[in-house]
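Summarising the annotation, TrEMBL assigns active site, charge relay system to Ser47, Asp174, His202. Residues or ranges marked as domain 'AB hydrolase-1' by TrEMBL: 28-206.
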Amino acid sequence: MHFRGCSGVPNKLGRIYHSGETEDGTFFLRWLDERYGTVPTAAVGYSLGGNMLGCLMAEIDASFPLTAGVIVSAPFMLEHCCNHMEKGFSRFYQFYLLNLLKANATRKLKAWPGTLPIELAQLKRLRRIRDFDDLITSKIHGFSDAVDYYRQCSAMPRLASITRPTLIIHAKDDPFMDHHVIPDTTTLPANIEYQLTEHGGHVGFVGGTLRQPKMWLEQRIPDWLTPYLDR
């Protein structure tokens with residue numbers, strides 16, 4: 001599932017996606033259930049989508065059509081991750097991600113003027129993801145500012161409420177985040193398995209050689225999910 005506005009076509013509404021926006025994911029999973037019937041279903045969320053999936057899995061009830069979930073490289077503590085990306089080498093990643101956000105917002109403003117609370121000239125001057133979230137994300141989704149948005153949408157405080165089988169994967173060398181995203185495993189319920197690898201970067205986890213790379217996630221995720229889906 002694409003996040004809203006990330007399919008290449010700007011949406012017409014005065015909203016975009018954010019890391020705590022579970023409405024679209026909930027709709028999509030219910031649609032799958034209606035379309036294909038009651039069959040084992042898993043969701044896999046990467047990066048910001050992983051944080052969103054964590055929030056979604058924490059709020060669904062026993063009747064919701066989701067069997068299991070896998071969360072990879074999720075920034076569970078949004079403000080800490082935002083702070084981390086403003087320092088050192090991680091600033092290059094912030095620059096890259098911010099340019100993607102600004103490009104999406106620019107397309108939206110040109111296609112549907114007035115759908116965002118900012119003008120193009122002001123958008124071009126933004127230098128931090130925090131500024132984007134402060135002036136755009138928070139304002140159009142009912143948060144008072146970026147700090148309020150980060151506080152309300154960080155999945156970390158909600159993980160203990162997840163009741164479905166869940167695998168969470170982080171890498172120690174992820175440049176997007178620091179130790180604050182690593183949950184205290186003693187507080188996690190028995191249905192959550194946490195795996196922290198030494199290497200893997202951000203949604204990377206590539207091994208092997210240049211000639212024969214091995215995409216570890218492509219094997220790890222299906223292997224873990226199979227017992228829950230083959231029922």
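Each Cβ is built from the backbone N, Cα and C atoms, and glycine gets one as well.
What you are looking at is a predicted structure, and each value in this text was computed from that prediction instead of being measured.
For Ser47 (active site, charge relay system), the Cβ neighbour count at a 10 Å cut-off comes to 19, with all displayed protein chains included. Taken as a whole, the domain 'AB hydrolase-1' (28-206) shows an average pLDDT of 95 in this prediction. A coil conformation is recorded for His202 (active site, charge relay system) in the three-state DSSP classification, outside any helix or strand. DSSP classifies Asp174 (active site, charge relay system) as coil under the three-state reduction. Residue density at Asp174 (active site, charge relay system): 23 other Cβ atoms are found within 10 A of its Cβ, drawing on all protein chains shown.
Other Cβ atoms within 10 Å of the Cβ of His202 (active site, charge relay system) number 19 in total over all chains. When the alpha carbons of Ser47 (active site, charge relay system) and His202 (active site, charge relay system) are compared, the span between them is 8 angstrom.
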